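Annotated features, as they stand in TrEMBL:
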type: ACT_SITE; residues: Glu18; note: active site
type: DOMAIN; residues: 147-354; note: domain 'ATP-grasp'
type: ACT_SITE; residues: Ser196; note: active site
type: BINDING; residues: Asp314, Glu328; note: Mg(2+) 1 binding site
type: BINDING; residues: Glu328, Asn330; note: Mg(2+) 2 binding site
type: ACT_SITE; residues: Ser335; note: active site
Amino acid sequence: MMNPKTKIAVVFGSRSVEHEVSIVTAMQIFENINREKYDVIPIYIDKQGRWLVDEKLGKIESFKDLKLKEIKAPEYFFAASPSVKSLVPKSAFKFFKKIKADIYFPAIHGTFGEDGTLQGLFEMADVPYVGSGVTGSAVGMDKIIQKAVLKENGIPVVKYIWFSKNEWRENKIEIIKNIEKDLGYPVFVKPANLGSSVAINKANGLKELESAIEIASHFDRRIIVEEGKEGIVEINCSVMGNNELTASVCEQPIKSEQMLTYEDKYLKGEKTKGMAGLSRLIPAPISEELTKKIQEAAKRAFRAVDASGISRIDFMVRPDTEDFWITEINTLPGSLAFYLWEKTGIPFSNLLDK
């Protein structure tokens with residue numbers, strides 16, 4: 001008698017500004033997961049926060065022209081109770097049954113999914129799920145807390161200053177003085193709790209700095225300003241595991257200033273590539289010794305924030321001196337960083353098994 005397939009619920013979309021990035025990651029999971037081992041349940045959370053379940057939501061065609069139409073599918077409620085552990089249909093019609101999954105696979109980037117909120121919901125319901133837990137997700141998402149944790153663990157991070165939106169409104173002149181004194185120009189201005197290059201801007205002078213801070217303040221109540229080092233390249237490395245950790249090969253994005261957008265870049269054509277569509281050099285053209293140092297630093301960062309599953313750690317590297325600094329850790333990286341693991345010798349379908 002054959003063993004029953006494991007039911008995996010892939011949760012994607014959400015009210016996050018990284019909604020479309022999440023759709024791309026989910027589609028890549030649907031295309032590559034082993035259907036002989038898993039029954040896949042697509043759970044799409046729309047921009048209004050409705051949980052929609054339908055087999056058609058596992059196909060990219062359902063999300064064409066997302067700005068122009070509303071996705072129509074049966075709506076469900078997630079019951080955050082250990083006694084239920086199911087998705088309950090909103091409709092009273094009897095042909096809509098409760099849906100119960102063996103394991104949940106978060107594929108939501110940014111707020112309401114990568115920040116510990118969804119993980120907390122799963123913990124309350126006492127259901128198993130993939131990836132980092134509440135603490136690792138929350139620390140990994142908050143760039144300010146993340147840097148404090150990494151610094152406390154002796155892991156090199158770029159110099160930074162952070163402040164709240166209210167502090168900016170009340171002490172703008174003082175904050176600018178501190179930035180110019182302690183960091184100088186250029187700097188990178190970021191919302192504390194967003195990813196995928198959302199609202200991140202480089203400032204080379206005062207006017208650009210003020211504009212970048214105003215933009216970031218529309219997306220978060222806290223802003224972080226990081227030192228922008230000259231003569232550096234971006235190097236990224238992925239880490240996988242729970243207790244025993246494995247680091248992937250390193251990559252160098254050819255254009256480190258290249259930023260991910262949404263429908264225009266992600267949802268065109270028959271296939272979507274997400275992070276895998278960016279130009280990159282794999283393995284990165286750095287020495288074997290530096291590669292090993294970066295891989296070890298990536299694993300230390302992974303442990304420090306209490307991550308699990310798969311993360312991607314981004315570095316700034318100065319090639320002439322081989323100094324490096326961590327810019328951030330992504331506990332739910334775009335495309336699950338599968339392109340790094342494929343070059344490490346692990347196909348995407350095998351990666352999803354792990």
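Positions of Cβ are set from backbone N, Cα and C atoms, glycine also.
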### Task
Out of Glu18, Asp314, Glu328, point to the one nearest Ser335 (active site) in space (Cα versus Cα); all of them are recorded positions in the record.
Glu18
### Task
Might you list, by sequence position, any residue in that chain lying six or more from Asp314 (Mg(2+) 1 binding site) with a Cβ less than 8 Å away from its Cβ?
Glu234, Ile235, Asn236, Ile326, Thr327, Glu328, Ile329, Asn330
### Task
Using DSSP reduced to three states, classify Ser335 (active site) as helix, strand or coil.
helix
### Task
Check the recorded positions Glu18, Glu328 for other C-beta atoms within 10 angstroms of each C-beta and report the one with the most.
Glu18
### Query
Quick one: what's DSSP say for Asp314 (Mg(2+) 1 binding site), helix, strand or coil?
strand
## Note on the structure
In all the protein chains shown, the tally of other Cβ atoms within 10 Å of the Cβ of Ser335 (active site) is 22
